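Shown next, in structure tokens, is the structure this report addresses.
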Amino acid sequence: MAGRSSNRSIGTVAMRWHGDRLELLDQRLLPAEEHWIVADGASAVAQCITDMVVRGAPAIGISAAYGVALAARHAGGGDWQAEIKQAIRVLAKSRPTAVNLFWALERMEKVFHACHSLDEATDRLAAEAVRLHEDDLAANLAMADYALEVMNPDKPIAVLTHCNTGALATGGYGTALGVIRRLHEEKLLKRVYADETRPWLQGSRLTAWELTRDHIPVTLNADGAAAAIMASGKVKWIVVGADRITANGDVANKIGTYNLAVLARHHKIGFMVVAPSSTVDMSLESGKDIPIEEREGTEVREIRGIPLAPAGVQVFNPVFDVTPASLIDAIVTEKGAVRNPNITGMRALFT
């Protein structure tokens with residue numbers, strides 16, 4: 001593996017656990033305002049996930065795990081098992097595409113079913129949520145190592161990224177943005193080009209904010225400028241995250257990712273997906289099986305109440321698109337990298 005730098009920051013945290021409550025950094029307000037929302041129960045956590053107070057597949061899963069822990073913490077003395085089961089159901093409905101959500105809830109549910117009293121459930125579920133959070137950070141650090149092995153740069157390079165895959169979207173450090181952090185730590189990063197990522201502007205509001213805070217050189221660009229940047233020869237790799245990866249290596253990620261993969265293939269630029277193995281859903285054969293969330297048209301027609309389009313105009317607003325495995329050069333997880341992904345390579349990750 002690539003050598004690990006001792007000069008490392010895990011980045012700005014997206015959540016703070018206090019045992020009886022979860023604090024979530026309201027990412028809808030960044031970069032203008034840093035405001036923390038207190039979630040003191042599972043329903044409050046679920047609402048924060050739905051409303052995109054917290055976003056990013058790993059962070060959603062971790063938040064949901066803490067939500068289950070809070071359900072146990074605040075359960076009544078009656079049918080506490082029914083209360084926790086209901087909390088899990090509510091959390092499962094908060095975002096349909098991020099498989100990490102269901103993976104985290106299944107992990108918490110296994111612990112829950114092994115508990116024989118409310119006190120035991122309270123202690124064990126809280127400990128499991130913290131462990132899940134710590135495991136995610138460790139996975140991000142491992143993914144950065146594997147990604148650098150795939151890239152194998154012999155001099156500083158520039159990369160382009162999409163959406164936000166940093167500490168704000170994970171348990172710390174980041175997935176795709178964690179790779180960028182590692183390049184910077186090893187003095188192998190020339191510059192990051194960050195797509196603004198319409199319509200929620202995660203690139204401009206979050207990625208540019210994270211990188212600027214951590215003194216990592218970043219240039220913000222309109223989504224439509226990505227092709228021109230690639231054509232200029234400025235970037236060597238496109239590095240993105242994932243919300244769900246299927247058994248054949250197809251990837252669901254933030255809308256606009258598919259565009260980048262097509263452009264990267266045309267310009268002969270490497271296209272890398274970085275995500276924890278919990279994002280891989282081997283029960284789905286291909287990207288055609290992934291449910292794609294669509295959100296309200298107001299997210300495209302306006303920004304914070306300011307009209308950008310005629311009132312009532314029809315809007316197509318899918319949150320994700322699916323990039324075929326045939327356009328991906330490598331999928332990197334904490335278990336290793338799959339180059340030119342296919343079903344054989346994806347299965348090998350789990351053997």
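Note: Cβ is positioned from N, Cα and C throughout, glycine not excepted.
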* Asked: For the substrate site that Swiss-Prot assigns to R55, G56, A57, Q202, N253, K254, which of R16, R21, R89, R95 is also named?
  -> R95
* Structure fact -> Least crowded of the binding-site residues R95, K254, counting other Cβ atoms within 10 Å of each Cβ, is R95
* For D243 (active site, proton donor), identify the closest of the recorded positions R55, A57, R95, C163, K254, judging by Cα separation. => A57
